[in-house]
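Trainee: The structure follows.
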Amino acid sequence: MIFKELKTWHRHRIQCLVNAGVDVLAFETIPAQMETEALVSLLKEFPQTKAWLSFSCQSMDKTAHGEDVGEASKVCAEASNPSQLIAIGVNCCSPEFAVSLLNNIHSALPHYPLIVYPNSGELWDTHTGWKGEKVNPNRVYLNEWVAANAKIIGGCCRTSPEDIADVYEFVQAKKKD
């Protein structure tokens with residue numbers, strides 16, 4: 001799709017959500033910079049609406065489309081209305097990539113709130129389905145994500161309510177420190 005087609009494709013859904021009175025739009029699992037640019041441009045048509053943006057990523061520094069995640073984030077932030085785009089980050093990626101991705105975005109946008117909600121750690125194989133080990137984020141990555149300036153933390157593919165409860169418990173313990 002080209003830029004104009006992406007805007008047209010997203011416009012109706014955004015309009016429906018805005019009409020329904022949502023507080024914040026989550027533009028998530030976006031694979032390519034061009035799509036995020038289209039979304040940021042489209043968001044300006046709804047000036048009272050706030051959104052966050054999160055890229056799906058294939059490696060420690062690249063979007064799923066292969067662009068540098070820090071540069072893609074910076075381009076989108078610079079094209080946005082700062083009062084509308086409230087956070088930028090990553091989702092639908094390996095948890096082991098998250099710290100590097102967050103650091104890359106933070107280097108490009110040191111004052112933006114960051115978001116991270118990666119997958120469980122298992123890998124998707126198109127022939128056999130999910131394989132590998134699930135990671136408990138509380139035990140492995142949460143301290144690193146917070147140290148990398150993540151302000152919104154959650155889970156994407158194959159994470160469970162128990163995983164999110166672990167995140168909640170971690171945050172509550174941090175508040176007591």
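First residue shown is number 1, and so on along the chain.
Here the Cβ of each residue, glycine as well, is placed from N, Cα and C on the backbone.
So TrEMBL lists the following for this protein:
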BINDING   C92, C156, C157  Zn(2+) binding site
DOMAIN    1-171  domain 'Hcy-binding'
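Locate each feature and note its surroundings.
Mentor: Sequence-distant contacts (6 or more apart, same chain, Cβ under 8 Å) of C157 (Zn(2+) binding site) comprise C92, N119, S120, W124.
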Trainee: What are the sequence-distant neighbours of C156 (Zn(2+) binding site), meaning same chain, six or more residues apart, C-beta distance under 8 angstroms?
Mentor: T29, N91, C92, C93, Y117, P118, N119
Trainee: Let me know how many other Cβ atoms fall within 10 Å of the Cβ of C92 (Zn(2+) binding site).
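Mentor: The answer is 18.
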